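Chemist: What follows is a structure written as C-alpha cells; I'll ask about it next.
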Amino acid sequence: MSNKNIVLAFSGGLDTSFCIPYLKEQGYAVHTVFADTGGVDEDERDFIEKRAAELGVASHLTVDGGPAIWDGFVKQLVWAGEAYQGQYPLLVSDRYLIVDAVLQRADALGTCAVAHGCTGMGNDQVRFDLAIKAQGDYTIIAPIREIQKEHTQTRLYEQKYLEERGFGVRAKQKNYTINENLLGITLSGGEIDKWEAPGEGARGWCAPRSAWPTDPLTVAIKFVEGEAVAVDGKPLSGPQILMKLNKLFASYGVGRGIYTGDTVIGLKGRIVYEAPGLTALLTAHRALEDAVLTKQQNRFKPHIARKWVELVYEGFFHDPLKTDLETFLKSSQANVNGEIVLETRGGRVDAVAVRSPHILTSKGVTYAQTADWGIEEAEGFIKLFGMSSTLYAHVNRSLRS
C-alpha cells in the first residue's frame, strides 16, 4: 500500500506513541504535531520531539499554543466569568486549539486524514471529533478507540505492541491521570475515582497549607475592555500574565478544589483541579464588572455566560450559537476598564480595591449614607416600586375578610 499522509496530535505519552507504528502499519506516513499549551518544560519538549523521531514519523512540528489559548479561550472565559456547573473552569479546553494546529498542518500537507489518541470512554474524544467535523470534511482515525473493540486492557496491549517492535516504553509510573497546561491542572484516578479523600500525592502546583507564606500577597491587575493587560503596573502578554499569576497564587494554595459533575457521555466525573491564575483573573474581573456594569447587565449576563460554558464543555466550540454569545460578551466589556487589587493570605483570594473611571457612582450619593434626593422622593419610589406586591396583599386580604 502506498503511503498516505496523516497528521497525529502527539503528546509523547503511551497512547499517542502507540498510534505512530499502528498508523504506519495501516499504510500512513505519519506527521506529528505537538501543540505546546503550557504543560511542559524545555526538557519535555525535547523528549517529545526525539520520541517522534524514534518512532519513525515523516515529520514533526512543535507549535506554541500559548497565544492561541489566550486569544481563543481565556479572554472569552474571563468575559463570561462562569465555571461549568458553578465550579469547574474548563481546564482542558486547550483541546480545541490542539485541533486547530493539527488541521492547519493537514491543510499544509494537502491531506484530509487526521488522528488523535483519545479513548472511547471520556469527554476528549467528543471535543476532538466535533471540533474536527465542524471545520471541514476530514477523515478521523482514533487508534485507541479501535483497539478497545478487541482489548480491555488497552494500555498493557499498547505497551506490549511497542516493545515487540523494538520501541521502549517510558518508565514513568503515575498514580494519577494528570492534565496540565497554561490554564491549570486536573488529576483523576486512584482514590479520587474511588470517591475518597485525595492524598497529598494528588497535588500539582498549589502548595499545601503548611507551606503557605506568612505574609499576605497583594497583586494589581489592569484590564482594558475586559482583557487583562498588566500585572503590578507591568504590561505583559496574555500567556505571560497567566504564567505569572499561576506562580504567585499557587504558592498560597489558591484555586484548588475537588469537582464532581456531569460529563458529556452521561457519567459522573470526579477530579482534583488547580487553577490559581485563572481563579485570580476571574475574581478580579468579576469585581470590576460588579462596579462598572449596570444592574440589568449584571443580572442578565450570567444566563449568557452559563450557556457559553456549557457549549465549550460539551464540544460545541465551533457552534454558531457560541459565536453569537461571544458577540454579546464582547459588547458587554466596552467599559470594563480599570485596575483591581487582589489580596490573599492563603486558600482564597479577595478583590480589596477597585480603580476605574467607569464606576457607577455619583458624587452626591453614598449607599445608606448620603443622597441628593429628598425623603418624599424616596417614599414615592418605594410606593411605586412595590405597587404590584402591595396591591396583591390588599386585594386578597379584602377578599378573605
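Any Cβ shown, glycine's included, is placed from N, Cα and C.
According to Swiss-Prot, the record shows the following:
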- Ala9, Phe10, Ser11, Gly12, Gly13, Leu14, Asp15, Thr16, Ser17, Ala35, Gly117: ATP binding site (BINDING)
- Tyr88, Ser93, Asn123, Arg127, Tyr273: L-citrulline binding site (BINDING)
- Thr119, Asn123, Asp124: L-aspartate binding site (BINDING)
Chemist: Determine the C-alpha span of the ATP site listed in the record, that is the greatest distance between any two of Ala9, Phe10, Ser11, Gly12, Gly13, Leu14, Asp15, Thr16, Ser17, Ala35, Gly117, in Å to the nearest whole number.
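Modeler: So the binding residues stretch over 17 Å, Cα to Cα.
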Chemist: If one measures from the C-alpha of Ala9 (ATP binding site) to the C-alpha of Arg127 (L-citrulline binding site), what distance in angstrom results, rounded to a whole number?
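Modeler: With the alpha carbons as reference points, the distance is 13 Å.
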Chemist: Where does Gly117 (ATP binding site) sit in DSSP terms: helix, strand, or coil?
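Modeler: For Gly117 (ATP binding site) - judged by DSSP and reduced to three states - the answer is coil.
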Chemist: Which residues, in sequence order, are found in the same chain with Cβ within 8 Å of the centroid defined by the Cβ atoms of Thr119, Asn123, Asp124 at the L-aspartate site, excluding those residues themselves?
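Modeler: These residues sit around the L-aspartate site: Cys118, Met121, Gly122, Gln125, Val126, Arg127, Phe128.
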Chemist: Between Ser17 (ATP binding site) and Asp124 (L-aspartate binding site), how far is it from one CA atom to the other, in Å?
Modeler: 18
Chemist: For Gly13 (ATP binding site) and Thr119 (L-aspartate binding site), determine the Cα separation and express it in whole Å.
Modeler: 13
Chemist: Using a 10 Å cut-off between Cα atoms, which of these binding-site residues sit near Thr119 (L-aspartate binding site): Ser11, Asp15, Tyr88, Arg127?
Modeler: Asp15
Chemist: Using Tyr273 (L-citrulline binding site) as the reference point, find which of the binding-site residues Asp15, Gly117, Asp124 has the shortest Cα-to-Cα distance to it.
Modeler: Asp124
Chemist: If you count other C-beta atoms within 10 angstroms, which of the binding-site residues Ser93, Thr119, Asn123 is the most crowded?
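Modeler: In terms of Cβ crowding, the pick is Ser93.
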Chemist: Looking at the binding-site residues Gly13, Gly117, which sits with the largest number of other Cβ atoms within 10 Å of its Cβ?
Modeler: Gly117
